[in-house]
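What TrEMBL says about this protein:
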type     : residues : note
COMPBIAS : 445-467  : compositional bias 'Low complexity'
REGION   : 208-241  : region 'Disordered'
REGION   : 445-480  : region 'Disordered'
TRANSMEM : 25-49    : transmembrane segment
TRANSMEM : 55-75    : transmembrane segment
TRANSMEM : 87-109   : transmembrane segment
TRANSMEM : 183-203  : transmembrane segment
TRANSMEM : 256-280  : transmembrane segment
TRANSMEM : 292-313  : transmembrane segment
TRANSMEM : 320-353  : transmembrane segment
TRANSMEM : 408-427  : transmembrane segment
Amino acid sequence: MLPQRLRRARGHNPWRSLRYPSMRWWSLANLVSNAGTWMQLTVQSLLVLQVTGSAAMTGLSLAVQAGPGLLLGLLGGAAVDRWPRKLTAAVSQVALGAVGFTTAALVALDLLNVPVLLTLAAVTGIISTVDGPACALLGNDLVPRRDVPSAIALGSAVHSIGRLAGTALAGGAVLLFGTASAFVANGFSFVFVAAVIPFLKLVDRSAEEPETAPEPEPAAPADPRADGPDEPDDSRQRAGGGARDGLRFFLGRPQLVLLAAITALSSVFGRNYTLTLAVLVTGPLAGGAGSFGTVSTALAVGGIAGALLAGVLQRPSVRLVAAMSAIGAAFQIAAGLSPTLGLLVLLVIPMAIVESVSDTAGTTVLQTDPPPAMRGRVLGVWRSLSTGWGLVGPPAIGLLMEWTGPRAALVIGGLVVALPAVAGLAVHARRARRTVADAAGQIAAAPEPVEPVEQPEPVRVPVPARVTDGDRAPAAVTVS
């Protein structure tokens, strides 16, 4: 009994993925990389504004960097499915490090101009279309399938901690060594990750329970215009199809489409907190930069706590994502109606916890539901979609705040997220009850089994044995 309880407790430990040495090294590398990334991001916008002198050009540079994710996400995911994962992740990290070192050198030599800046932003975006899915799937390959939620939750916590550390380190580095130091630090962080990757040991999943693969689609008819029989394409077979196959697979999985719809609504109307809460704090609540810093810290703390809580998940589902989205939307509505800054701080902590749990559950579904040969392309589709709603969200919620004010925008956004999620959960619950009722009705309507009637045993009548000629007694001999 005790060993079984220990195994059960170990299975719900949010840190269980750290039992694997490769995962510990990967988490350390991610912490260093995230800290370096946020050091660069903290000073990047200011640097672009300093070089260009235009807020519009600053926004254009961000759009150029995000553009490849929208346009090339599918191709990047297909490349990850085709190429060796460790090699792909290592090469992409080295390439990003080279971009960081190049930017640092140009800044130090005062050679950075607008065309070069936009070129570097575009190159970074292109590399990231491959680096993102490659590193995400590589981290999951370091643990068994049952521990993937723990690995994803750990990655979320590492991201939040790295963000706090990088933001804090950026100010000191720029003050002591200049702006170029932030880019140098980010370059070295990528090199560190690339140096760790070759020593990571992937988990052998052959002994695990086989994953459910989708039913094979019917083969497409042969092209009548072809001159001869199609030759097998080995590279296409290794990749399991091209980018279009990834999009077709994604659209053919209802739970992935539902996950995308829920996340899109939440991202556009419910997660632009750096914008909505900043306007709420500095406007109706009459706070300043320090007050918004307090709210931002509360969001970060809630995000870390939510990541740790999400680590106990075993098999998250789209239903859990919908439920968390509805709960988070309720907290958002309450935050929009908050009369004081103190109450707002208390509300954003559980709001961030729920958001973090929802993110971990959704990411786990994305990375475990598709078959292994299709996961890179699924993440590529997701990157394109997330880039799209990431570009649409801030302007949309900004216009809503201008028309209705920050409080009404938060309330309306919360309702837009909550109502479809609650309706979907209600429909699912009704279908589940109907399925149970139908099954119970079928069982009740089934005829009862008829017990066999005992038949009387037949009367056995003795039958005289048949006497053959050989068995008869010999005839009497008459003596005359």
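For all residues, glycine too, the Cβ spot is worked out from N, Cα and C.
Any TrEMBL annotation is an automated prediction that lacks curation.
Predicted, not measured: the structure shown is a model, and the values here were computed from it.
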_For the transmembrane segment (183-203), sequence-distant contacts whose Cβ falls under 8 Å of one of its Cβ atoms, 6 or more beyond its ends_ = 20-22, 25-26, 28-30, 32-33, 35-37, 39-40, 86, 89-91, 93-94, 96-101, 103-104, 107, 135, 138, 141-144, 169, 173
*Of the listed stretches (25-49, 256-280, 292-313, 408-427), which one yields the highest count of Cβ-Cβ distances below 8 Å with the transmembrane segment (320-353)?*
408-427
*For the transmembrane segment (408-427), which stretch among 25-49, 55-75, 256-280, 292-313 has the most Cβ pairs under 8 A?*
256-280
*Please work out whether the transmembrane segment (256-280) lies in contact with the transmembrane segment (292-313), by counting C-beta pairs under 8 angstroms that are 6 or more apart in sequence and asking whether there are at least 3.*
yes
